[in-house]
Amino acid sequence: MTINISAEAYLWFKTLHIVGVVVWFAGLFYLVRLFIYHVEARDQPEPLRQAFEKQYALMERRLANIITTPGLVVTVIGAAGLLLGNPSWLSQTWLHAKLAFVVGLVAYHCYCYRLMGLLSLGKCEWSAKQLRAFNELPTLLLVLVVMLVVFKNQFPTGGATWLLVALVLFMAASIQFYARWRRLKAEREAINAV
Ligand code: HEM
């Protein structure tokens, strides 16, 4: 199969784009998980609490600056190359919808930086339960964005789509229930140990 230069460049940009997306999301998912551990460290006795909080703040900063933000930048550079290679995408509805969700993702990314700052100052009021729910938001956006890019203007609205949305919600609820079960178990063990 012969690929002319611009077609090959398009595929390179797509490769870059997909790798960027994977890195960006790995960073976003793990970052908010670290926030949950950071908030749960409040329950530790001193001096453990201080040591944990310091360590989580360091891990969050490194993850955000070395993995998550570069992932975002690589995604956008790849996307710009794809649009240069095929500017006609710009007039298509699926891309407008996708861009709207991407703006939501970038806002989520920026809000993570705000939470990271508050956590490092010990001023974050969020509970672990709220953060777990917050951590589900990018999953939903990921599913929608990937569906848009795959189905484009033939976006399906039938049973399969609703099944997928139900699956994401089921996963979110399971995570909350599992955390609650773990907390109750730890409380029971603490009572039994007395
Ligand atoms: C920065 C804004 C973005 C723009 C302008 C953009 C634009 C595009 C374009 C034009 C394509 C090529 C479509 C094709 O060749 O069929 C593409 C592919 C893709 N995009 Fe994006 N994208 C953006 C962000 C994202 C994000 C945030 C995700 C993931 C959540 C994502 C996931 C993908 C995937 C998986 C593909 C490959 C689809 C395929 O090969 O069929 N994109 N993107």
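Including glycine, each Cβ sits where the backbone N, Cα and C put it.
Per TrEMBL, heme binding site is recorded for H17, K98. Proximity of K98 (heme binding site) to non-local residues of its own chain (separation of 6 or more, Cβ distance below 8 Å) is seen for V145, L148, V149, given in sequence order. Reduced to three states, the DSSP call for K98 (heme binding site) is helix.
TrEMBL lists 12-32 (among others) with the feature transmembrane segment. Below 8 angstroms of C-beta separation, residues 60, 63-64, 67-79, 81-82, 84-85, 108-109, 112, 116, 131, 134-135, 138, 142 of the same chain, each at least six residues beyond the ends of the transmembrane segment (12-32), sit close to that stretch.
Annotation source TrEMBL lists transmembrane segment at 63-84 (among others). Beyond the transmembrane segment (63-84), the same-chain residues lying 6 or more positions past its ends with a Cβ under 8 Å from any Cβ of the stretch are 9-10, 12-28, 30-31, 34, 90, 106, 109, 112-113, 116.
Note on the transmembrane segment (96-116): residues 24, 28, 31-32, 35, 57, 60-61, 64, 68-69, 72, 124, 126, 137-138, 141, 144-145, 148-149, 155 of its chain, located 6 or more positions outside it, place their CB under 8 angstroms from a CB of the stretch. Annotation source TrEMBL lists transmembrane segment at 96-116 (among others).
Annotation comment: TrEMBL describes 137-155 (among others) as transmembrane segment.
Positions annotated as transmembrane segment by TrEMBL: 161-179 (among others).
Residues near H17 (heme binding site) in space but far in sequence (CB under 8 A, at least 6 apart, same chain), listed by position: V74, T75, G78, A79, G81, L82.
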